[in-house]
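So that you can see what the record holds, here are the features copied from TrEMBL:
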DOMAIN    33-336  domain 'AB hydrolase-1'
ACT_SITE  138  active site, nucleophile
BINDING   208, 332  substrate binding site
ACT_SITE  301  active site
ACT_SITE  331  active site
Ligand SMILES: CC(=O)SCCNC(=O)CCNC(=O)[C@H](O)C(C)(C)COP(=O)(O)OP(=O)(O)OC[C@H]1O[C@@H](n2cnc3c(N)ncnc32)[C@H](O)[C@@H]1OP(=O)(O)O
Ligand SMILES: N[C@@H](CCO)C(=O)O
């Protein structure tokens, strides 16, 4: 819980904010072994570990964090906050603004910088002045970059995965379609639906369908599903193609575990991302990074194409050449190809 309100970049302030977090390993007496892991849009603080109370699924980077793994918890103290504006324990639209009243559609507009400022306050509370490594992919990579630019003295090393210096026109365009899908749902009610027993779940599901296609690659979808019909269904008489059923599954799964209001707030925060804003542009901002850095893209990523990571690798003076994760899975490759991510972690801090 932060005592002071957080002053927001767009104006106004957010009082009484909380960030949920998880940690693994032990913080060294000199506090030099702390690693910050930042999750993507619908991720959470449960980076590793089994499913259990409060965690309907196993960790999303299972295989990366634990004894003997790349983020070896016998050596590193790994910490992961749930992003500000999210819905897995941190303050967001679904949390109470005051007793009995949720934020809903009154939750303020956030930027990645606001979210990182909140994380810096949380790091202060943990007593961590400097991270040995800050790592994140996609939206987590945006925040990792903001950490390295806003707080170079607190960022010991930097690993950026499948991310960008600034949200591009196409990324904003895809996001815009998703925002419209949610806001067009008759149960959206301007974001004030919490506690009514109903919500814009159809809209959130539609947003996830749109997003999920962008998270995967065309060859993967073609190889995996082709033109096949879903078992027992006929697309020519009201049934679905197998790929439609797959998207329906991901839509329903997200609608069960994620808040639409958070999806809107986080998507708008991603759209706002421009590390160069107020800093003389992207190139000038990237020159602020002092941490040894690695930047990697996924070779089949059509949402955050490797050209965006090439810009980062070229602009960050301390970065090595651009690395490519080889994967058929598109943007989600940074979540799925954990062995290749582990190799990058080891190269940077191993
Ligand atoms: C995994 C979590 O949700 S953890 C919670 C935190 N979440 C995050 O961090 C978000 C990050 N996760 C994600 O974005 C995705 O879930 C990923 C990237 C991990 C998914 O990657 P993959 O393992 O490649 O999953 P994939 O896209 O193949 O989907 C598999 C699911 O589709 C289902 N599926 C496959 N084909 C079909 C079909 N024709 N019809 C219906 N369902 C189908 C599978 O049964 C499986 O279901 P399950 O996930 O409920 O077990
Ligand atoms: N599948 C990931 C990708 C976003 O970068 C998520 O849902 O968070």
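Using N, Cα and C of the backbone, Cβ positions are placed for all residues, glycine too.
With a CB cut-off of under 6 A applied against ligand 2, the recorded positions 138, 208, 332 are reduced to 138, 332. Put plainly, the recorded positions 301, 332 were compared by Cβ crowding within 10 Å, and the winner is 301.
In the vicinity of ligand 1, defined as a Cβ distance under 6 Å, the following of the recorded positions 138, 208, 301, 331, 332 are placed: 332.
The predicted model assigns the domain 'AB hydrolase-1' (33-336) a mean pLDDT of 97. In sequence order, the recorded positions near residue 331 (active site) (Cα within 10 Å of its Cα) are 138, 301, drawn from 138, 208, 301. For the pair residue 138 (active site, nucleophile) and residue 332 (substrate binding site), the C-alpha distance works out to 9 angstrom.
There are 26 other CB atoms within 10 A of the CB of the residue listed as 'active site, nucleophile', with all protein chains counted.
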